[in-house]
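Copied over from TrEMBL, here are the features:
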DOMAIN    221-450  domain 'Major facilitator superfamily (MFS) profile'
TRANSMEM  7-34  transmembrane segment
TRANSMEM  54-74  transmembrane segment
TRANSMEM  83-102  transmembrane segment
TRANSMEM  108-131  transmembrane segment
TRANSMEM  138-160  transmembrane segment
TRANSMEM  172-190  transmembrane segment
TRANSMEM  225-244  transmembrane segment
TRANSMEM  264-281  transmembrane segment
TRANSMEM  293-312  transmembrane segment
TRANSMEM  318-342  transmembrane segment
TRANSMEM  354-372  transmembrane segment
TRANSMEM  384-406  transmembrane segment
Amino acid sequence: PEPPEGGWGWVVMLAAMWCNGAVFGIQNSCGVLFVSMLRLFGSSEDKQLVFKTAWVSSLSMGMVFFCSPIVSIFTDLFGCRKVAVIGAAVGLVGLLSSSFVSTIEPLYFTYGILFACGCSFAYQPSLVILGHYFKKRLGLVNGIVTAGSSLFTVSLPFLLRVLIDSVDLYNTLRVLCILMFVLFLAGFTYKPLVPSTKDKEGGKKGKSKFPPAKKICNFSVFKVLSYRIWAFGIPAALFGYFVPYVHLMNHVKDRFGDSVPEEVLLLCLGITSGVGRLVFGRVADYIPGAKKIYLQVASFFFIGLMSMMIPLCHVFGALIAVCLFMGLFDGCFICIMAPIAFELVGAEDVSQAIGFLLGLMSVPMTVGPPIAGLLRDKLGTYDVAFYLAGVPPIIGGAILCFIPWIHERQKLKERAKHVDGETTEKMLENESTFVSDTTVKPVKELDSGL
């Protein structure tokens, strides 16, 4: 059916905005929780404390993306509402159980896996359901929805700091459960207007039945060379991407002590990330085809450069400037992922193309922060970790530079094949017409002779 462009869709938009804010607000504020975990579970005898603690946050963010291909399949099968509600319930259980642990190791499962998987299953349907209600206004609605994560990223670190100082980490996690409970309720607003794949298949057969495996998993997107380069180039760029979110707060404490409000840095990241999503998302509308990737190339270059600048900042004001630029280009990278996927694989395959990409992104985003923590444990400083974190984005951006050229060549080849096919088809039509004419003519002559 044609999207209604409003109505109940505005309620769905607000629910999806809350989902983006709750999921990524908590994930992006992990630096505050990380410092608190170091204090709570730390021991002067543990030489790998930072390394082990970093696994909690990085595993959590990685699992959000790792589950994406699976979530896209479940969403196609069972619909947005069921997947979102169950996901929020699982996330609530994971976060609540994290508030009862006494050592760091159980958090790998409760927070790093259970909570993160629930967030992943709640998050992806919030993007899919918007297409049920909006088409002409979808760009505007997506901008508002994704701005939710920036809004929460800006405000949540300050709230977490106040809560941790007043009621400790355990009770802070229980307060965050309120966000997940509201997310659970928000999932019920996702009234589907398009039937799920299972319902469609059941309608054809007269009963509920699972569709064939080929309809569930669509790996044909990897046949597109430009998509393959993009799907592996972006993960290559992201090995250092999540390092500042996890370790920046602790780096500031190492360098400046308690004399500066380190939460201001997350505030700067959140504000400019929201601005970047709105500005560069609009700019991308004016850049034709796959050339939009050049915006991602520029964003990776600046993200890598800003990461390398962090150890050089011996004044807190300089760190604020770095975070402002980093957030701006972080927003640029995120907001144009869907438009680029649409250009590379087309509208029919774009959902699972994004799902596969997010799944591949999970590996570097999980591995990067613990490696940075290991370097901090060994060297006593984060300087080398931040320098190295800036290298992958620059290399990955260089790889992406070739995609527009390759994509244009692919399109030219497809056009040439299409033209050749049409030419051959016309020749066959002309030949068949000629044969039919020569066959019919003697019959007419015979008729006239008779």
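Just so it is clear, glycine is given a Cβ too, placed from its N, Cα and C backbone atoms.
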Stretch among 7-34, 225-244, 293-312 sharing the most Cβ pairs under 8 Å with the transmembrane segment (318-342): 293-312
Among the ranges 7-34, 54-74, 138-160, 354-372, the one whose Cβ pairs under 8 Å to the transmembrane segment (225-244) are most numerous: 354-372
Long-range neighbours of the transmembrane segment (54-74), counting only residues six or more past its ends (CB under 8 A): 23, 27, 30-31, 33-34, 37, 83, 87, 104, 107-108, 111-113, 115-117, 119-121, 123-125, 216-217, 242, 245-247, 351-352, 354-356, 358-359, 361-363, 365-370, 372-373
Contact call for the transmembrane segment (7-34) and the transmembrane segment (172-190): at least 3 Cβ pairs under 8 Å, seq gap 6+: yes
Residues from the same chain, set at least six apart from the ends of the transmembrane segment (264-281), whose C-beta lies under 8 A from its own: 28-29, 31-32, 139, 142-143, 146-147, 150-154, 157-158, 245, 248-249, 252, 295, 299, 319-320, 323-332, 334-336
For the transmembrane segment (172-190), distant same-chain residues with Cβ under 8 A (at least six beyond the ends): 8, 11-12, 15-16, 18-19, 22-23, 25-26, 33, 36, 79-81, 84-85, 87-89, 91-92, 95-96, 98-99, 118, 122, 125-126, 129, 160, 163-164
Beyond the flanks of the transmembrane segment (108-131) by 6 or more, those residues with Cβ under 8 Å of it: 3, 9, 12-13, 15-16, 19-20, 23, 26-27, 55-57, 59-68, 71-72, 74-75, 80-81, 83-84, 86-95, 97-98, 101, 138, 141-142, 145, 180, 183, 187, 190, 192, 351, 355
Integer mean pLDDT for the domain 'Major facilitator superfamily (MFS) profile' (221-450): 80
